[in-house]
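**Student:** According to TrEMBL, the protein has these features:
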- 7-417: domain 'Enolpyruvate transferase' (DOMAIN)
- K22, N23: phosphoenolpyruvate binding site (BINDING)
- R102, R131, P132, V133, D134, L135, D316, I338: UDP-N-acetyl-alpha-D-glucosamine binding site (BINDING)
- C126: 2-(S-cysteinyl)pyruvic acid O-phosphothioketal (MOD_RES)
- C126: active site, proton donor (ACT_SITE)
Amino acid sequence: MDKIRITGGQRLNGSIPISGAKNAALPLMIASLLTDETLTLANVPRLSDVSSLSRILSNHGVDRSIAGKRIGQSAETGQTIALTARQIVDTCAPYELVSTMRASFWVIAPILARMGEAKVSLPGGCAIGTRPVDLLLMALEKLGAEIEIENGYALARAPKGLKGAEIVFPKVTVGGTHTALMAAVLAQGTTVIENAAREPEVTDLAACLIKMGAKIEGAGTSRIVVTGVARLGGAHHAVLPDRIETGTYAMAVAMTGGDVLLEGARPDLLQSALDVLVKAGVDVSSTNEGIRVRRNGQALNAVDVDTDPFPGFPTDLQAQFMALMTRAKGTSRIRETIFENRFMHVQELARLGAKIRLDGDAAHVEGVAKLTGAPVMATDLRASVSLVIGGLAAEGDTTINRVYHLDRGFEALEAKLTRCGAVVERISS
Ligand SMILES: CC(=O)N[C@H]1[C@@H](OP(=O)(O)OP(=O)(O)OC[C@H]2O[C@@H](n3ccc(=O)[nH]c3=O)[C@H](O)[C@@H]2O)O[C@H](CO)[C@@H](O)[C@@H]1O
Ligand SMILES: C=C(OP(=O)(O)O)C(=O)O
């Protein structure tokens with residue numbers, strides 16, 4: 001298993017190209033199942049989650065071709081992929097494939113909508129929480145599907161097709177909203193999704209579905225109205241920039257000090273996180289090229305944060321912000337309101353010398369004068385990158401094990417950090 005070794009203490013200066021968003025690319029790729037024509041997606045990040053989903057789609061009969069694209073000096077990012085699901089050859093997504101990636105469960109919606117049946121392995125829990133799919137299944141039931149759970153699989157049937165309905169989510173769910181959208185676009189009649197997720201990745205999926213011929217209004221608000229159509233066609237769509245990658249590198253620069261342009265980043269996708277950084281004493285400005293982040297000598301202020309659905313502070317930046325707060329002046333309180341178990345990074349940050357006390361859904365982070373390098377273990381994607389941020393500021397060497405978590409969601413991480421002056425090395429084994 002590969003490791004990453006970071007020799008801390010370097011300031012970050014230069015520019016980092018921001019990749020396409022993993023969490024937008026995955027549902028967009030799944031949307032290719034809705035049509036027998038070609039869906040071409042540009043700015044798709046080179047990530048292991050994208051490769052895993054490609055394998056799953058290929059099992060359903062999706063043909064794929066790829067063209068690469070080079071951006072920046074040393075960081076190769078982005079690819080254009082063409083996906084064609086001329087025929088869905090298998091309506092079953094087996095455990096071996098779905099268990100590698102939770103988002104793959106979402107294939108249930110387009111396969112059901114197009115074929116009238118789908119059998120998809122339940123994804124199971126993961127390091128950040130139990131993550132049930134009850135609300136996704138509720139949405140499909142509302143649209144007229146019969147659902148059974150058998151031998152670890154969700155079996156969904158709608159032999160006469162799906163019918164538009166009102167779907168009211170009792171809590172905001174991104175995956176639930178993606179699923180409801182992909183099922184409703186081919187349903188007969190009108191579907192109203194209430195308390196829909198407003199995340200930019202939902203808006204991006206809706207924008208692509210509209211290019212494919214879907215009728216959708218209100219994406220980006222909490223009420224989405226979908227008027228079903230008989231069929232969808234092909235389209236070209238560019239994946240939006242990754243707001244979580246943007247926020248991660250912004251926090252890395254805030255941590256080490258320096259001056260970095262995050263090329264192609266869009267401030268509107270993460271305004272709440274940028275506002276928090278400004279409160280922490282970091283200079284953040286928008287330019288025509290992206291977002292510029294600077295900290296030159298100012299101390300970091302402790303800032304309290306609660307995670308929330310968009311437009312609130314994203315749970316996917318909670319671990320990174322906690323790493324930053326380990327070096328702030330004073331104590332900050334970070335509440336995790338989305339996932340019940342998203343504090344696995346706390347014990348690993350403690351190995352670098354962080355002082356963090358957990359109390360239910362809150363972490364109290366007391367800033368310390370210095371962190372010191374140590375061997376640490378990645379437990380999930382964002383937890384791993386919080387250890388990278390810690391390691392960049394720690395004295396001496398930090399070795400991060402289980403790097404495959406990072407490879408799920410950060411394209412060319414070592415190259416992007418190295419070109420800004422960090423000392424980061426992958427040790428392959
Ligand atoms: C690939 C992808 O885009 N993943 C993102 C997506 O995950 P994902 O779509 O899985 O997250 P959800 O928004 O669905 O989860 C939000 C909350 O709802 C709960 N819930 C969800 C579905 C359900 O049927 N029942 C239920 O109780 C979850 O356990 C969680 O507590 O949104 C999360 C919240 O912004 C992000 O952290 C993930 O990075
Ligand atoms: C939790 C995440 O992803 P997933 O939903 O695929 O586990 C994430 O991107 O931080």
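Cβ atoms here come from the backbone N, Cα and C positions, even for glycine.
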**Student:** Please compute the mean pLDDT of the model over the domain 'Enolpyruvate transferase' (7-417).
**Tutor:** 96
**Student:** Other than its own, how many Cβ atoms are within 10 Å of the Cβ belonging to K22 (phosphoenolpyruvate binding site)?
**Tutor:** 26
**Student:** Using Cβ-Cβ distances, find the residues under 8 Å from C126 (2-(S-cysteinyl)pyruvic acid O-phosphothioketal) that belong to the same chain and are at least 6 apart in sequence, listing them in sequence order.
**Tutor:** R102, D380
**Student:** When you tally the Cβ atoms that lie within 10 Å of each candidate's Cβ, which of the binding-site residues (R102, R131) has the highest tally?
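**Tutor:** Compared across R102, R131, the most Cβ atoms within 10 Å surround R102.
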**Student:** Per the record, UDP-N-acetyl-alpha-D-glucosamine is bound by R102, R131, P132, V133, D134, L135, D316, I338: how many Å separate the farthest pair of Cα atoms?
**Tutor:** 22
**Student:** Using a 6 Å cut-off on Cβ distance, which of the binding-site residues R102, R131, P132, D134, L135, I338 come close to any atom of ligand 2?
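**Tutor:** Checking each Cβ against ligand 2, the ones under 6 Å are R102.
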**Student:** According to DSSP, collapsed to three classes, what secondary structure does L135 (UDP-N-acetyl-alpha-D-glucosamine binding site) have?
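**Tutor:** In the DSSP reduction, L135 (UDP-N-acetyl-alpha-D-glucosamine binding site) maps to helix.
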**Student:** In whole Å, how far does the CA atom of N23 (phosphoenolpyruvate binding site) lie from that of I338 (UDP-N-acetyl-alpha-D-glucosamine binding site)?
**Tutor:** 16
**Student:** In DSSP terms, helix, strand or coil for the residue listed as '2-(S-cysteinyl)pyruvic acid O-phosphothioketal'?
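**Tutor:** In the DSSP reduction, the residue listed as '2-(S-cysteinyl)pyruvic acid O-phosphothioketal' maps to strand.
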**Student:** In sequence order, which same-chain residues at least six apart have a C-beta under 8 angstroms from D134 (UDP-N-acetyl-alpha-D-glucosamine binding site)?
**Tutor:** none
